[in-house]
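For reference, the structure is listed below as structure tokens.
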Amino acid sequence: MSVSNKLGDLASKVYENVLLEEVKKYPRPRHIGIITDGNRRYARNVGISENEGHVKGKEKVEEVVDWCMELDIRIVTFYAFSTENFRRSPEEVDFLFHLIDNAFKSLLKDERVYKNRINVKVIGNLSILPAYLRQTIHIVEETTKNFNNYQLNLAIGYGGREEILDAIKRITRDAMDGKLNIDELDEEKFRMYLYDGRIPDPDLILRTSGEERISNFLLWQSAYSELYFSDVYWPEFSKLDFLRAIYSYQRRQRRFGR
């Protein structure tokens with residue numbers, strides 16, 4: 001590494017530490033939703049396989065969870081696998097499901113989960129996932145269900161429109177069965193028909209890769225979320241990039257439609 005590169009890295013680290021201390025002075029978001037975009041484009045850019053790009057993306061999720069805990073951000077939701085992702089090749093989908101399955105099994109052995117009492121929850125249409133993955137998800141959720149310091153949500157087999165449509169179907173069935181008075185339905189009752197209505201709405205939604213859209217992610221829940229778009233691909237997303245997103249959020253005035 002050249003002297004200029006070393007100096008650049010040193011300056012970046014100093015700036016990161018300064019920004020970290022600045023961010024700690026102000027209220028942080030309670031809940032962040034993250035659209036982890038750009039694994040495949042990253043892989044093509046650096047000359048590795050797309051599967052290796054997905055592995056790098058999985059490792060980045062683990063890093064970001066640590067960053068969230070460092071800032072006492074209590075809830076984070078990662079958009080891990082959308083319903084649209086089923087359109088990819090069967091080979092890629094199969095690889096992703098096994099990667100996710102192995103990641104969950106690693107969580108069961110990760111002392112950070114137990115030390116920090118991280119509740120792990122999956123949101124999505126689990127019926128469309130492979131049986132082996134559903135079983136692993138069940139074990140992880142059962143193991144961590146009483147942990148309440150932090151919450152790690154993974155949106156898998158998830159689509160925002162599908163979530164709302166599924167909620168409407170369940171509401172219709174309950175109304176027809178006499179379990180629900182449709183005239184008493186309000187936003188709070190409606191949200192309890194979502195995949196997990198207990199999860200607070202995200203304060204901030206962050207997307208990597210330079211794309212500026214939310215791509216069917218938490219459509220109901222993001223009505224008043226702040227949005228932040230980062231130009232870097234997900235595996236390259238650095239702690240400095242993360243701090244910049246939080247700092248940007250802290251400089252905004254949330255109006256909630258007022």
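Glycine is treated like the rest: Cβ placed from N, Cα and C.
According to Swiss-Prot, the feature active site maps to Asp37. Here Swiss-Prot flags Asn85 as active site, proton acceptor. Per Swiss-Prot, the feature Mg(2+) binding site maps to Asp37, Glu226; the stated evidence is sequence analysis. The substrate binding site annotation in Swiss-Prot covers Gly38, Asn39, Arg40, Arg41, His54, Ser82, Thr83, Glu84, Phe86, Arg88, Arg207, Arg213, Ile214, Ser215.
Taking a C-beta cut-off of under 8 Å and a sequence gap of six or more, Arg207 (substrate binding site) has these contacts in its own chain: Ile34, Ile35, Asp37, Arg213, Ile214, Ser215, Leu227, Tyr228, Phe229, Ser230. A gap of 27 Å separates the Cα atoms of His54 (substrate binding site) and Glu226 (Mg(2+) binding site). In this structure, of the recorded positions Thr83, Asn85, the smallest number of CB atoms within 10 A of the CB marks Asn85. Around Gly38 (substrate binding site), the same-chain residues at least 6 positions away in sequence with a Cβ under 8 Å from its Cβ are Thr208, Ser209, Gly210, Val232, Tyr233, Trp234, Pro235, Glu236.
DSSP gives Asp37 (active site) a coil state; it is part of no helix or strand.
For Glu226 (Mg(2+) binding site), the nearest neighbour among the listed binding-site residues (Arg40, Thr83, Phe86), judged by C-alpha distance, is Thr83.
For the binding-site residues Arg40, His54, the greatest number of Cβ atoms within 10 Å around a candidate Cβ is found at His54. In the shown protein chains, 22 other C-beta atoms lie within 10 A of the C-beta of Asp37 (active site). All chains included, 18 other C-beta atoms sit within 10 angstroms of the C-beta of Ile214 (substrate binding site). Highest Cβ count within 10 Å among the binding-site residues Phe86, Glu226: Glu226. DSSP assigns Glu226 (Mg(2+) binding site) to a strand segment in the three-state reduction.
When secondary structure is read from DSSP and collapsed to three states, Ile214 (substrate binding site) falls in the coil class.
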